[in-house]
Amino acid sequence: MEHLTLGPLTRATGTVRLPGSKSISNRVLLLAALANGETRVRDLLDSDDTRVMLQALRTLGVAWRQDGPDYIVTGAGGNFPVKSAELFMGNAGTAIRPLTAALALQGGSYKLSGVPRMHERPIGDLVDGLRQVGAVIDYLGNEGFPPLHIQPASLRIDAPIRVRGDVSSQFLTALLMSLPLAQSASGRIEIEVVGELISKPYIEITLNLLARFGIEVERQGWERFILPAGTAYRSPGEIFVEGDASSASYFLAAGAIGGGPVRVEGVGMASIQGDVRFADALNRMGANVMAGDNWIEVRGTERDDGRLHGIELDCNHIPDAAMTLAVAALFAEGTTTLTNIASWRVKETDRIAAMATELRKLGAVVEEGADYLRVTPPQPWQTPADGIGTYDDHRMAMCFSLAAFGPLPVRINDPGCVAKTFPDYFSVFAGVTR
């Protein structure tokens, strides 16, 4: 197996220009494809997940081209030209879930599949929501999971659509992004969220981007969303993709652990991404944080020993970036407890179990529950002979690069898995650490 040995590292300082946000990139691509008009997308993330979406759109007959670093998407006006297709979605949840909803409105026959892990990631709540309005969707494997077969159907929306919000916010995002194209006798469509809605900041990203494409959604708390029916999406002409706030977390944590200053550019106080609030968590752990509209900078703690201190944090607002805190906890005095992270279990891997397993290899004392993780730093540090497993999960690999600030080298297995969102992560990380 390919591996990469890092550290021990003692210092982090420098500036990083972030790659585009995965969450924003794939939303923008689909909205641009559904819109009327041509959209120039600037700073689109170049990664496995965006390539999956781009290839799917091309298969569906959507025209796009590159113009230097930009992508120009010619919208299909809500109607994909190709009415029968088989689409391979890799392990891109941000692609398969919104596309499932969009394709259910197309009146065509589509099969969607992915890698084996994708076939273990739930999609049943979204399918249930679409079936409520007449969509015909069959499971080709296990009930509630991809692969799927979407068949021609005429959707009828005459009552509120109910969807669970406690497994993944992507189900709600998928409905919000597609249902404005549907018809309703009342001229509006209501979505009711059943249960506690997790990862609310990702819904805020969706609502913000819908507004950029001319769709205004009325939000009544986090329980009810009212959309205009039979609406055409309008291209904004040009749209910029923010830097990825989840990817920013690794460099900001490096600044906190390795002294800093480390500055990330591409996200800041003006960001629409909830994960920028990761910097607040570092501040609570004792790091020094500064920020502008489009940048964040972190330095280490003022303590003589340079150590952070453990915290207890409800992570519902930063579900992806919270993973970085679990590794940063190795360098904190006391115990760090991360709660409200049940969504980790249905991501690229079961991230609670994976994180607990790999932290224990380094000597940490870890307690895991259904929706929490409690981490106490190693006494003493250990270095696993078999390295750190990454589970084909980009965020596991990037998180554990921070373990190289410990007193022993750390071996990262399958470092190439970062290609999902940040192909050159390790070279960028090397540029700000020593």
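Quick reminder: no glycine exception, Cβ is built from N, Cα and C everywhere.
These features come from Swiss-Prot:
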BINDING   Lys22, Gly93, Arg121, Gln170, Arg351, Arg395, Lys420  phosphoenolpyruvate binding site
BINDING   Lys22, Ser23, Arg27, Ser168, Ser169, Gln170, Ser199, Asp320, Lys347  3-phosphoshikimate binding site
ACT_SITE  Asp320  active site, proton acceptor
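If you take the C-beta of Asp320 (active site, proton acceptor) and look for same-chain residues 6 or more apart in sequence within under 8 angstroms, you find Ser246, Ser249, Asp275, Arg395. Summary of the phosphoenolpyruvate site environment: with the site residues Lys22, Gly93, Arg121, Gln170, Arg351, Arg395, Lys420 set aside, the chain residues having Cβ atoms within 8 Å of the Cβ mean position are Asn91, Ala92, Thr94, Asp320, Lys347, Glu348.
Using a 10 Å Cα-Cα cut-off from Gly93 (phosphoenolpyruvate binding site), the binding-site residues that qualify among Arg27, Ser169, Ser199, Lys347 are Lys347. Reduced to three states, the DSSP call for Ser169 (3-phosphoshikimate binding site) is coil. Across the residues annotated as binding phosphoenolpyruvate (Lys22, Gly93, Arg121, Gln170, Arg351, Arg395, Lys420), the widest Cα-Cα separation comes to 18 Å. When the binding-site residues Arg121, Arg351 are compared by the number of other C-beta atoms lying within 10 angstroms of their own C-beta, Arg121 comes out lowest. Gln170 (phosphoenolpyruvate binding site) is 9 Å away from Ser199 (3-phosphoshikimate binding site) when you measure Cα to Cα. Arg395 (phosphoenolpyruvate binding site) falls within a helix when secondary structure is assigned with DSSP. A straight line from the CA of Lys22 (phosphoenolpyruvate binding site) to the CA of Lys347 (3-phosphoshikimate binding site) spans 14 Å. Comparing CA positions across the binding-site residues Arg27, Ser169, Lys347, the one lying closest to Arg121 (phosphoenolpyruvate binding site) turns out to be Lys347. Across the structure, Lys347 (3-phosphoshikimate binding site) and Gln170 (phosphoenolpyruvate binding site) are spaced 11 Å apart at their Cα atoms. A straight line from the CA of Arg351 (phosphoenolpyruvate binding site) to the CA of Arg27 (3-phosphoshikimate binding site) spans 24 Å.
The distance from the Cα of Arg27 (3-phosphoshikimate binding site) to the Cα of Lys420 (phosphoenolpyruvate binding site) comes to 16 Å. Rounded to a whole value, the Cα-Cα separation of Lys420 (phosphoenolpyruvate binding site) and Ser169 (3-phosphoshikimate binding site) is 20 Å. Its Cβ placed at the centre, Ser199 (3-phosphoshikimate binding site) has 23 other Cβ atoms within 10 Å.
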